[in-house]
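Here the structure is laid out as C-alpha cells; the discussion comes afterwards.
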C-alpha cells in the first residue's frame, strides 16, 4: 500500500492507454502488457479507477462490427470433432464386433487366381493380332504411297476410295479381335471367377485394353490418312516427328502403350530423362499402405454396416435404410478417397516413372468441383481425355450437337461401368449403369451454378451438391445395392458375409 | 465422314492448342472448349491424332507440382460429413429413445421459484446498504475537503491517516454487507432450492453482485483518494469528468451499475444515443431460440449419454468411460457454443442496448486462441477485465510477481466457479475448482506455443491443445462428474434421471 501510494506515474494517458491495449485483440500484446507495464511504470495510484469501458464499440460477431473476425479456429475445431467422432465410433465398433480383421481367412481360390492369370496372358495375343492388322494396313499404305509418288500425281478419287475400303476392313478386323478378347474375359469372369476382386482386376484390364486398342486403331487410321493424303497446313503434331508413320507400327511401341498410364494412343509421348527409383519406391509404399488401410476399413467398418443393412433393405424400412446409408457414407467416402489416392496418385505415378512417361496429369483438383460436370472432367483424366478425343470431338466435328455427343459418351461410359461392377459381382442389376447415366441430368442441373455470377455462393452450392450427391448418397447406395444383390445370390446374413458359403 | 474430310483447318497449332486447353484446370474454359472449337473451326481431319499428352508435367498433388492446389472443397466436405454424421446420430437416437422432450414434465417446484424470487429481491437491499456506506464515506470526504480548503494547506499526514482509517471502516462495512448477501443466498440455494437451474441463476446473480460491489467500493476509494489528495499529472480518466466524485454516489447510478453488462464500476460509461428496439427484439429472439435449442439438445441428446455413463463410472470401465466422454463431447460442445452465443452475444447485447451501454466488447475471437492463456483473456471479457483491474494490476503494482498475481486471480476464480456449480447441484466436489485451478499449469505449458516463431505450426498446435483440453475433455468430464455426484445423491439410474425422486 505504502509503495503504491508514494510512487509517481504517467497518469491518465497511461490509465486509458492500458484499457486500449486490453481492447486490442493481439495475443502478443495482451500477454505481455501487465508485466511490461509494471516494469516500465512501477506502481501507480488510482489503479481501480482505470476506464476499462472507454469507448463505444460493437461485439466482434455483431453485424455492426467493422470486420468479421477470423474463423480459422472453428476450422481446427471441425477437424478435431471429426477425428474425435470417428475415434468414438472406432471404440464402439471394437466393443460391438471385436477384431474382424483376419489374415488367414481370405477366400482367393487357386482356380480363380489361375483363371485370372490365363486371361491376363490372353491380352498380349490380342495385342499381337492388333499389331499384325496395323502392319498389314501400313504395308498397304506404303504401296499406295509408292504408287502415288511413282505416278507423280496427287491422291486420286480412286486412292481415297481404296483408303476407305481398307479402313473398313481394318476397323472390322480390330473390332472382332479385341471385342472377342473382352467377350471371352467377360464370360470367364462372370461364370468362372468367384472372387470379386480378382474378377474386377481381370475385367478392368480387358476393358482398358479394349479402349486402348480402339484408340490405337483410330489414331493409326488418321496417321495413315495424313501419310497418304497430306493436307496443306494440317500437320500431325510436331511431337510425332521423331517417329513418323509407319515407323510407329512396331510391337515394342504397342507394348509400351499397353503399359503406359494413358488410354490415348500417341506414337510418341513426352518422356522424362531418367527413372527416379526413390520416387517409385515411395509411391509403391503408398500403394501398399493405402491398400492395407482400405482392407482394414472394409473388413472392420464397412462390412458390419453392410451386413446390418440387409434385413432393413429386405423389409424396406426407409428410415433405417437412410440411417445405414448415412453411416456407410463416411466410411465409403474414406475408402473412396484412399482408393483414389492409391490408384491415381501413387500407382499411376509409380507406373509413369518406371516407364519414363512424362505427362502425369492423371487428375485435377476435382474436390473443388463446382458442378458434377467439372467433377467428371477432372477426377479421371485418362478416361475423360479418351472420350473427348475419340468420341466427343469427332462427333461434334461431324455436326452432332454437344448434347447428343455427351449422351453418347455417358451411355458408353455407363455400359462400361456396369460391365466393370456387375460382371465381377455376378449381378448385372443396372445400378452402376443408371448411376452413370443419371449424371447427365445432374450435370445439366448443376451447370448453371458453375457459371453463376453470384460470386462464391453458387460455387459453394455446386460443390456441396457434388459432394452430397456423389459421396454421401451415390457411392454408398450403389455399394449397398450390389452387396444386397450379392448376398441374395450367394450369401447368408452372417458376420462374415463376404466369405463364400 | 465426308464433311470431316472436306473441311479445312488451322492445323497442328490448333491440335496442340486444344490439348493444352484440356490441361488447364478452369471450369469455364474446359466446359466450353469443345463447343467453341467446333463453332470457330468447323470439322477438321486427324481428330484422333491430337497430342493429348503434349508435355511433361507432374500430378497436382505431387511434391514436384509448382503450386499446391486449393483444398477448399475438402473444407466443404468436412462440414457436410459433420452434418451428415450428426444427422445419422439423431436418427439413431430417435430410434433408440423416441422423443424425450416433454413440455409438461418439468420439475420447477413452486417453492423453488418463490425462494429464488425472494433471494432476487434481497439484492437491492444489500445494494442500498452499499450505497449508504459510500454516502457516509462521501460525506466524510466532503468534510475533509472543506477542512483542507479552509485551512488552505495541502493534505497533511494526519489527513492521509484519517483517509486510511475511514477506508478500513468502509471496506469492512462493504465486506460484511455483501458477503452476508452472498452467504445467505448460498445457504438457501444449497439447502432449500432443489432445482439446479433456479439455483444456478440465483447463485450467479449473488456472485455477480458480490463482485460488482467490491468493484464499487474499490473504485470509489480511489476516486475519493483522488478527490482528497489530487496528485499532479495523475488525473482520473477524462470520461469521468461529466460526473465527478462525489456526484456519482447516487442510488440511480448504483442501480444502473447493478444492471449494466459489466463487472467493473465506472461513474460514467460510454453510452449510445438511442435504443434500437429492432436490435433488442432480434437479440431476444436469438436468446429464446438458442434456449429452446439448448433445452432440446440437453433433454434429447445429452441426458441419455449421461445416464448411460453412470454404471460405467461406477464400475470404472475406462474404455467405456472414454467412449461416453467422446460421445458427450460433441453435444456438450454444441450446447456450450449455443450457450456462449446466447449469453455473450445475444443477451448481453440486448441488455446493453436497452441500457444504452456503449462498450459491447464482451468477448474477442477466443475460438482462434493459440494458448489457454489467450482463451481466458478473450472469452469472458467482463470477468477478465474485472480480475485484471481489481486484482492482477494492483498486486503487480505493489510488487507481487505476475505469477503470484495470476495465482491469486485463478484461485479466486476457481473458488467462485466451484460455488457457481457445486452449490446449485448440492455437490461441492471440487471438480470445477480444480478444473479452473489446473488452467495455470496448462497456460504455462501452452504459453511458449503462442510466442513460437515456427510460423503457423505452433499456433495451430496451441489452438488444437486449447480445443481438445477444453471442449473435448474438460467440459464433458466436469459435466459427467457433477451428474454422477447428483445421481449418487438424489437419483436412481433411470431414463428420466433429471427428474426428482
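Just so you know, glycine gets a Cβ as well, placed from its N, Cα and C.
Curation plays no part in TrEMBL annotations; they are all automatic predictions.
Transmembrane segment is the annotation TrEMBL gives to one range among B:167-187, B:188-208, B:209-229, and that range is B:167-187. Among the ranges B:284-302, B:303-321, B:360-378, the stretch that TrEMBL annotates as transmembrane segment is B:284-302.
Checking the ranges B:386-410, B:461-485 against TrEMBL, the transmembrane segment annotation falls on B:461-485. Counting only same-chain residues six or more apart in sequence, the Cβ atoms lying under 8 angstroms from the Cβ of residue B:417 (active site) belong to B:432, B:433, B:435, B:436. Away from its own ends, the transmembrane segment (B:461-485) comes close to residues 302, 306, 309-310, 313, 321, 324-326, 328-329, 332-333, 336, 368-372, 374-375, 421-422, 425, 427, 429, 431-432, 435, 442, 445-446, 449-450, 452 of its chain (Cβ-Cβ under 8 Å, at least six residues beyond either end). Note on the transmembrane segment (B:167-187): residues 119, 122-123, 126, 129-130, 133-134, 136-137, 202-203, 205-207, 209-210, 213-214, 216-217, 221, 419, 423 of its chain, located 6 or more positions outside it, place their CB under 8 angstroms from a CB of the stretch. Classification of residue B:417 (active site) by DSSP places it within a helix.
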